[in-house]
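To start, the structure itself, in structure tokens.
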């Protein structure tokens, strides 16, 4: 099996992953970031641990558990808490998207750490993708009255998801998804609980919007999209996998247009086309198969 955009996994992953910003918009007025993420991570832990017990899976060794936990702290706790708190403190979603949108480029820059080679064509594609993302969110970017803490948190989120992806690819690319998710979301739930206890009230308004957002965040978003992400990390080059995240802001913009009647402008459409072109350039197979990662 080969990783490319022809696989069904890639578009399904992008569609589900892009709903994260919609979930944040629905839930954030009624709950603080660490509180929501604690319940989200705890829900995933319960679901995946139950599946692990029912299927009587073989758990990883202690040495592998440590690597899986470190990757989880970066991919789940560091990334999501950074994004949520950056927005909570005043940064616009568009500016967060630009900062986090640097991830494919940063990943490619450090690809040598995991013995991956990025071709000139892929660098061009990464550039196209980033410019496309910038055009999609350009009209929603505001630098007014944004505290320094928001920038720090956004860059923490960027570094967390980047090095979390690289770390998992290097040290623990293969593990049972049920056991691995239990470990990653379990340790992230503990850390979110500590943040909730130390910095938040822990209160949440239990209304249909929050409950629906939480259920979606637990099952399709966390269990579904994260499992697909892990599968792609296992089978494909990190640069190729992370380039798919370029498609998140354009897909979210289309969702906001359909669900919240937000405008979808010509500039956004141009950005979407550039982003798609960039992702295709990064993931296109070469004739000599140098850039293709086989299972």
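Counting starts with 1 at the first residue shown.
Glycine too: its Cβ is placed from the backbone N, Cα and C atoms.
Note: TrEMBL annotation is automatic and uncurated.
The feature transmembrane segment is assigned by TrEMBL to 12-31, 37-55, 67-87, 93-111, 123-142, 148-167, 179-199, 211-231, 243-260, 266-284. Annotation comment: TrEMBL describes 12-137, 151-283 as domain 'EamA'.
Of the candidate ranges 67-87, 93-111, 211-231, 211-231 contributes the most Cβ pairs within a distance under 8 Å of the transmembrane segment (12-31).
For the transmembrane segment (67-87), the neighbouring stretch richest in Cβ pairs under 8 Å, chosen from 123-142, 179-199, 211-231, 243-260, is 179-199.
Counting Cβ pairs closer than 8 Å and at least 6 residues apart in sequence, the transmembrane segment (179-199) and the transmembrane segment (243-260) reach fewer than three and form no contact.
Per-stretch counts of Cβ pairs under 8 Å to the transmembrane segment (123-142) identify 266-284 as the leading one among 37-55, 93-111, 243-260, 266-284. Touching of the transmembrane segment (211-231) and the transmembrane segment (37-55) is concluded from the presence of at least three CB pairs under 8 A, sequence neighbours closer than 6 excluded. For the transmembrane segment (243-260), the residues of the chain that approach it from at least six positions outside its boundaries are 10, 13-15, 17-22, 25, 97, 101, 103-104, 122, 125-126, 129-130, 132-133, 136-137, 232, 268, 271-272, 275-276, 278-279, 282-283, judged by C-beta separation under 8 angstroms.
Confidence across the domain 'EamA' (151-283), taken as the mean pLDDT and rounded to a whole number, stands at 93. Shown for the domain 'EamA' (12-137): DSSP residue counts in helix, strand and coil, namely 106 helix, 1 strand, 19 coil.
When DSSP labels each residue, the domain 'EamA' (151-283) comes out as 113 helix, 1 strand, 19 coil, counted as helix, strand and coil in that order.
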